[in-house]
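Features reported for this protein in TrEMBL:
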type	residues	note
TRANSMEM	46-68	transmembrane segment
TRANSMEM	80-105	transmembrane segment
TRANSMEM	147-167	transmembrane segment
TRANSMEM	188-211	transmembrane segment
TRANSMEM	223-248	transmembrane segment
TRANSMEM	316-343	transmembrane segment
TRANSMEM	363-383	transmembrane segment
Amino acid sequence: MPLTMRILTGLALGLIGGVVLFEFLPDSIGPVGTTAQVIGGLWLNALRMTIIPLVFALLALGVVNAAALAGQGTLALKTVVTYVVLLLVSAVLGAALTLGLLPLFPIPADAAQALRSSAGLHHAEIMPSPPLSEMLLGIIPANPIEAAANGAMLQIVIFALVFGLALTRVNVTRRAAIVDFLHALNDVMFVIVRWVLIAAPLGVCALGLSLALRAGASAFGALAHYVAFSCGLALIGIGLAYVMAWIGGGVSPWRFARGVAPAQAVAVSTQSSLASLPATLASTDALGIPRAVSGVTLPLAVSIFRFNGPMQNLMLGLYGASLYGIHPSFTLIVAAILVAVVIEQSSVGLPNQLNFFTAYLPVYAVLGVPVEVLALLIAVDVLPDMVATTGNVSMNAAVTTAISKRFAPDASAQTDQIV
């Protein structure tokens, strides 16, 4: 059975078991709930221990990789710049849409309260954001090691970005040694995350059980609300791809829909933009895009560009903040936007269950949102991830049409460089 289905089954068993105990055996809630909290807490702590080294490696490598890709030629540079701008647009849209739509479609109050209780948090216990002056003074870490020990994520992010920028100015030989170390650190953390995800069905089952013991059947309402809200934003991302192809590439929506449909079908079935690359290349061929363009833009896209990634990332971070009654300051939201964009540079087009935590944990940490809810949302993220991946693949093709229209002369001049 695929990991996705095992996690989903674990969540279902936990929720159903918790509802049964909540409704029919209330005397057992205490001891069962304590056991579930211990098991779920151990699993979450195993995930938390990877956050600091993983975030540092991803951010530093993201800066180095972006600089390297930008130096591969005029078309590559323009493509990278286009992708970075679109990722910023995606993150800003994710924040704006979530902040604008959540008040109109609020999370069920009883389910939100249960989620806060399952994390051991209440409104009165959540610390307000510090004043802007204090936050600005704390951005630069006087002691990066102390910042890591205290979990000061914003300081860690700043240090990692500065470290990555400085690394691009170091002698090539010495830079390669440090980059190799960062890649090794990144790989080791991914191995640990994979190990932890093996136990995800049990951990998610325990967390779902703990939630249902507090909320009863209303626990299903919170998860259903997330699925609907997340899919709605991902559908907006798909719509924007058609707009990009039409306005930027001069391809009508109907023609673009016919051309990109095969790639979209692969995206739905694989939940991977990387696995969809051959089909996306075929789709751009059908749209009349020269391989001199698509041969550069699409491989770059599956390496550093998932349009829906930052949008979903900010949505999930602000959604979690709303669940816990947290109101991040404008400065923290801006920091979360920048983190989401840089993290995206180091992510790969693998199924979302593999990099769900590695992509979203940094933004949660910057916004000060507890990570407990992430463990539950990963189990129901199958449908949102299908829609989001379809949007990513669609936007990859749409941006390729736009770049082909604007930068075709550059592509023709660099045809000999395409491998």
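Numbers here mean position along the shown chain, with the first residue as 1.
A Cβ is built for glycine as well, from the same backbone N, Cα and C atoms used for every other residue.
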Same chain, outside the transmembrane segment (223-248) by at least 6, Cβ under 8 Å from its Cβ: which residues?
90, 93-94, 97-98, 101-102, 105, 107-108, 111, 256-257, 260, 307-308, 311-312, 315-316, 319, 376-377, 380-381, 383-384, 387-388, 390-392, 394-395, 397-399, 401-402, 405-406
Which one of these stretches, 46-68, 147-167, 316-343, has the most C-beta pairs shorter than 8 Å to the transmembrane segment (80-105)?
316-343
Considering the transmembrane segment (147-167), which listed stretch of 46-68, 188-211, 316-343, 363-383 counts the most C-beta pairs under 8 Å:
46-68
What same-chain residues lie close to the transmembrane segment (46-68): Cβ under 8 Å, and 6 or more beyond its ends?
80, 84, 148, 151, 153, 156-157, 159-161, 163-165, 167-168, 175, 179, 182-183, 185-186, 189-190, 192-193, 196, 199, 303-304, 339, 342-347, 357-358, 361-362, 365, 371, 375
